[in-house]
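Notes to accompany the following structure.
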Amino acid sequence: MIPTSLNLLRIIQSLPLLLAAIFAPACSFAQEPAGERPLAAQVKDWQALLDRYEKTLAKGDLDDDRLVEIRAELGSLRLDARAAADQARPLAQAIRDELAALGPPPGEGEPPEAPGIAAKRKAISERLANMEGSLKEAELVITRADGLAERLQSLRRTRFTERVLTRGPSPLFPSVWRKAFQEIREAAAAQRQDFEDWLARDSTAAKIDLMRWQLPLAVLVAVLIAWPLRLWFIRRFGYVEVTTEPSYGQRLRTALVTGIIRTLIPSAAVLAIYLGFTAGGLLSDSVRYVVQPLATMLVVFFFVVACCRAALAPGEPLWRLISLGDDSARVIAHIVTAMTAVFAIDAVVNAWGKRFEWSVELMALHNFVTGLSIALLLLIILRRRIWESEVGTTRWLGLRYTLTLLVYAIPIAALPGYVVLSRLLAIQLVLSIGLYVLVTVLGKIGDEFVSHMLSERAVVGRHLRSNLDISPDGIDALSFWLTGLARLCIGLTGILALMVLWGAGGSDLSAWLYEVVFGFKIGNITVSLADLAFGLLLFAGMLILTRFVQRTLEHRILPRTRIDPGLQHSIRTAVGYLGFTLALIMLISAAGFDLSQLTIIAGALSVGIGLGFQNVVNNFVSGLILLAERPIKVGDWIMVGDVQGYVKKISVRATEVLTFDRASVFIPNSELIAHPVTNRTYADKVGRIVIPVSFSYGTDARKVCEVLMQVAKSHPKVLRQSGPFVFFKEFGPSSLNFEVIAFVADVDTMKSVTSELCIEIDAACRLEGLTMPYPQRDVHLDIDQEQLSRLLAGLSAPQLRPAAPGVLPSDTA
């Protein structure tokens, strides 16, 4: 018999091993005592232990439990050996450094070195040889442990395959049913006799009298503790009246809390009764075999049924997590309830069977009934009309057909006598589906948690927006990556749990996880995901700190100084570059990359970088020059060729210029260094206005100058210390041309001041009677005298009336 109904417990039991694989090295470093045993002594003990395991395995009379114990011990030994070797490698490197500090030994023909130096060289060489030998022996221990573990795993797989594929009695034979029912009657009679003998004892009667008031009191205390908690959960998270459809996050939170609420009272009562019987000594050994799994499965039953009904919400369609109809949700809830009851009964019957050591026929019948019940329930839940919203998808149709075939294989395998295979397939199939549902729900919970933490309502979200100045697009990007990371972790955990569910040992997974997390070799390169993750955390933390410093400089420190805004932007940008460089160095160092090798690689690629990325490097260096020399700054009004506008941002590669049409133009930094650039606000923001004005010939020029000067001086934004000026520019073809030149303090106001001055000039000229001429032109006609005579004759001839419609001119003549 294979107790696969409790396979979920294997996942829980394997979690400590998985956690040990992850945190064992950290704990060993943190708790390393001052007088730790040398590596050579530890290797000697490990070799002796491996020799003992090999002798034990050679006997061949080990049961499965002993094989599991040895496999776990081998995994622990392997982890200890790997951790000890990792700790010893830095010591060996330190010894190599000491030997290198002495320099190379003298060669032939060279004077000998001092006796003290020679003695030290010899001692250090011996220490290095011993340490390197111990390291090699530790690696040999790891290799032997891996080999033994593989032999154990192979033996377990062979035994498992034999048990699963062993053909037992077929449930179709009547003899199997007769023997099974006879054994059930005998077991029930034996159980009843044990119970009567237990009741007949004097101590039992005294305990029952004592528990008459203690047991109800324990149940009452449990209910009194659970009831206020249940009411608080209902008020805080239960179903509420909503005017609009609740969001998925609201439905998910409500389903989780409602499931917990509905589990509290019955679970508290069951646990109170069980603990009361246990504390009062009312459970004999024969009864405890059945009561303990019964109490456990009752709590599991209450929890699964409550969560299922909360998620499907048969009476509350607005709060349903899956897009199903009311009838479909109700049917699925009933099926899940029945399935959980089958699992609970199976666990209790298995415990009862262990107690009385049932025969092969009875266990075959039990496995057949359990598998057949699960198969019937799965066929009902896989019916097409239940999943109406998913029927049209090709992926769902393929999955449904595959599951249906597997379900049909359950009774088909049991009928010829392969009841163990049938039961294994039934239970593992249901547990795999349940694990998939659990992983999906955990993924949704992770999404909602990240979304809530980054929202404006949460403290973290407000901090990111206020202190780090992250834009809404940045928050969305951060949410995407955090959600993806959470889903990745949950998915990998689900895959590991599925592997344990289908027979993978916790020790095997621990060893594999240790190799993956703490270092595996690709050629001569050792890759450690733990170091890489730590480096990424340092990188992210340094970037966050850099962003915080930039935010503090921008809003709290630099505005209180008299530094130019452009220089403030340069300081903020330089801090950003410095922080990013330090973060990148910390990432490379923490990840364990050898910077010397990176230097060699960079030197080998320098030629290619110089040729292929010449423009990129040129723009990068030009950007640094712009930030250092500051010929242009953020906010300056510049003109580069046909482009004119304000400098918005100076980045590493290009400079962004915002034109007056609100269009962004990105100019490579090398263009700003190599070509002339007009900066209208380099030294200050004073701007010059030139307004041309024309008047008719005969106008008093002195009066014009007085009027124009008076208008320019009367404007409040025109600077007095720099003008204004009025110039009689020239005698034009049809006008007297003047120019008004004025200066304003802010170049950004040139357009508005120009417009206002033109309006005032026009009004003043009208008031003073000064006229502005229209353009005068002389038209010359190049025609002879004969053409002129005919033209004049045609103009003096009488005009003919137009002909009537439909009448030719010859008819009217």
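The count begins at 1 with the first shown residue.
Positions of Cβ are set from backbone N, Cα and C atoms, glycine also.
Now, the feature entries from TrEMBL:
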type: DOMAIN; residues: 135-195; note: domain 'DUF3772'
type: DOMAIN; residues: 615-681; note: domain 'Mechanosensitive ion channel MscS'
type: DOMAIN; residues: 689-770; note: domain 'Mechanosensitive ion channel MscS C-terminal'
type: SIGNAL; residues: 1-30; note: signal peptide
type: TRANSMEM; residues: 213-233; note: transmembrane segment
type: TRANSMEM; residues: 254-277; note: transmembrane segment
type: TRANSMEM; residues: 289-312; note: transmembrane segment
type: TRANSMEM; residues: 332-352; note: transmembrane segment
type: TRANSMEM; residues: 364-382; note: transmembrane segment
type: TRANSMEM; residues: 403-421; note: transmembrane segment
type: TRANSMEM; residues: 427-445; note: transmembrane segment
type: TRANSMEM; residues: 485-505; note: transmembrane segment
type: TRANSMEM; residues: 525-549; note: transmembrane segment
type: TRANSMEM; residues: 570-593; note: transmembrane segment
Can we call the transmembrane segment (364-382) and the transmembrane segment (485-505) in contact, meaning three or more C-beta pairs below 8 angstroms at a sequence separation of 6+? no
Given the model, what does the mean pLDDT over the domain 'Mechanosensitive ion channel MscS' (615-681) come out as? 82
With Cβ-Cβ distances below 8 Å as the criterion, list the same-chain residues six or more beyond the ends of the transmembrane segment (289-312) that contact it, or say none. 254-256, 258-263, 266-267, 270-271, 273-274, 277, 283, 320-322, 324, 329-330, 332-333, 336-337, 340-341, 343-344, 347-348, 350-352, 354-355, 441
In terms of Cβ proximity under 8 Å, which residues at least six beyond the ends of the transmembrane segment (332-352) contact it? 1, 3, 5-6, 187, 191, 289-290, 292-294, 296-298, 300-301, 304-305, 308-309, 312, 314, 324, 366, 370, 373-374, 377, 380-381, 386, 427, 430
